[in-house]
Amino acid sequence: MEGSGGDSGSMATPVQKKVHEAWRVYQYYLDKTTPHSTNRWIGTLVFFLIYCLRVYSIHGFYIISYGLGIYLLNLLIGFLSPLVDPELEVSDGATLPTRGSDEFKPFIRRLPEFKFWYSMTKAFCIAFLMTFFSVFDVPVFWPILLCYWVVLFVLTMRRQIAHMIKHKYIPFSIGKQKYSGRKSSANSGGGSRAD
């Protein structure tokens with residue numbers, strides 16, 4: 001009995017090793033793309049255009065596009081939302097009182113940029129693959145789906161922008177902020193020492 005159990009385990013081991021090795025290679029190349037955000041987003045834009053051309057050329061799979069749009073809207077909301085929602089923060093009264101202007105809270109996203117990009121790219125690839133199976137081509141009147149998605153997008157983004165204004169946060173930053181000392185006091189201080 002022990003011999004037969006060991007044989008089945010050893011049969012799966014080479015397969016598991018190959019799968020694990022393939023996963024490591026995949027993860028290696030995925031990690032190499034991390035610092036190249038512009039190139040990653042250009043690649044995702046290419047996937048998006050290929051998907052749009054596919055749907056446009058076959059005039060179908062609108063329900064897949066609608067589901068993809070809802071999923072991308074969900075990802076966008078996660079990307080624009082802070083990790084800790086100020087409305088849900090519970091203060092138990094044990095903290096020291098501080099003024100809002102004195103306290104610095106960096107904006108930390110609920111969904112980081114890399115995971116946002118990765119999920120979005122996977123969604124485009126999966127949706128593209130689904131267009132090759134006719135079972136997913138459900139006949140629908142696409143203008144109704146488009147109107148419903150636009151209304152959903154506008155209402156959701158209005159709520160998100162109101163939340164940003166209410167809690168005074170901006171989810172976008174371009175580059176690293178550069179801080180410099182007060183130059184006027186440094187110049188005046190240097191001039192007073194020359195006596």
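Using N, Cα and C of the backbone, Cβ positions are placed for all residues, glycine too.
Not measured: the values here are computed from a predicted model.
The annotation N-acetylmethionine is assigned in Swiss-Prot to M1. The annotation transmembrane segment is assigned in Swiss-Prot to 38-55, 60-80, 114-134, 135-155.
Residues of the same chain lying 6 or more positions beyond the ends of the transmembrane segment (38-55) and with a Cβ under 8 Å from any Cβ of it are 61-62, 64-65, 68, 117, 120-121, 124-125, 127-128, 131.
Sequence-distant contacts of the transmembrane segment (114-134) (same chain, at least 6 residues past either end, Cβ-Cβ under 8 Å): 30, 34, 37, 40-41, 43-44, 47-48, 50-51, 54-55, 58, 60-61, 64-65, 67-68, 71-72, 75-76, 78-79.
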